[in-house]
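Engineer: Dumping the structure here so I can ask a few things about it.
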Amino acid sequence: MTEFKHTTVLLEETVNGLDVKEDGIYVDCTLGGGGHSRLILSKLGENGHLYSFDQDQTAIDYNQKNLAEYVAKGQVTFVKSNFRNLKNELNHLGIDGVDGVLYDLGVSSPQFDDAGRGFSYRFDAPLDMRMDQTQKLNAREVVNEWSYNDLVRIFFRYGEEKYSKQVARKIESTREEKPIETTGELADLIKSAIPAAARRTGGHPAKKIFQAIRIAVNDELGALEESLEQALQILNPAGRISVITFQSLEDRLVKRMFKEQTEIGDLPAGLPIIPDDMKPKYKLINRKPIIPSEDELEENRRSHSAKLRIIEKL
């Protein structure tokens, strides 16, 4: 079995934010290394249940053993699916309401550290970046077959890369000679396309482009928006959603969606009281995002960009 070692970020804060009830029904939309799932399960009584989603079979296989004590007790159900299928998958299992939903977004450490998965510019590996290894679209297809305009669009939108046009132009001219096959080739190409002065600041020059391609391959923002909409719909009264984001695009999406659900819209002038059907049906648990402590930042450098937002259904 492939090891799936992963240091869970904001573990206590995220699970405590769910206010777990012993007999509640909970969903971990991002099983990964099982850290959040384990802590939720430890708080459940015999009538409580957890549904843990992951589109990566490696994570499911690892946690069959990692969480074996809870598997044996029948308290956890693993669901191999993209969390954009949240409502459908739960309906198939006879569940139409839940007491809490957790998201720990981004690529887990084992996916980054497994050179063969092609997520990282730190290793030279075939271009892949699929979280679900059964899906057809991969990074090689994006880099070699998508048009110049489509590449510029995703580099700007998902990578917020200032030099999107230069990188896309370099990719276009390079692939005319031969296909771009590996992460190493792509990283070198990006580095050569970005001006030397810009390469000296802001970390590795390939970071933003790799992020953009990964988001495009996995449709991460589309999946998140669809899933959050479903999670809000199936939440029981007093149920909560905890979301950890790791980059500004995700955080802005979550912040916007939570704001829409917790603020009163435009009201008619002179209205003496607010009708019940116009009152918000959700409230924010934390107005500002919760971030890792200094101790956690020292122990886990990958936690530095994490932000936790929590919402509750009234």
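Cβ coordinates are placed from backbone N, Cα and C, and glycine is handled just like the others.
Below are the features I grabbed from Swiss-Prot:
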type: BINDING; residues: GLY34, GLY35, HIS36, ASP54, PHE83, ASP104, GLN111; note: S-adenosyl-L-methionine binding site
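On this model, are these features tucked inside or out on the surface, and what's nearby?
Structural biologist: Annotation note: ASP104 (S-adenosyl-L-methionine binding site) sits in a strand segment as assigned by DSSP.
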Engineer: Taking the binding-site residues one at a time (GLY34, GLY35), which has its Cβ surrounded by the most other Cβ atoms within 10 Å?
Structural biologist: GLY34
Engineer: To see if you understand the setup: which same-chain residues, six or more apart in sequence, place their Cβ under 8 Å from that of PHE83 (S-adenosyl-L-methionine binding site)?
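Structural biologist: Listed in sequence order, they are CYS29, THR30, PHE53, GLN55, TYR103, ALA223, SER227.
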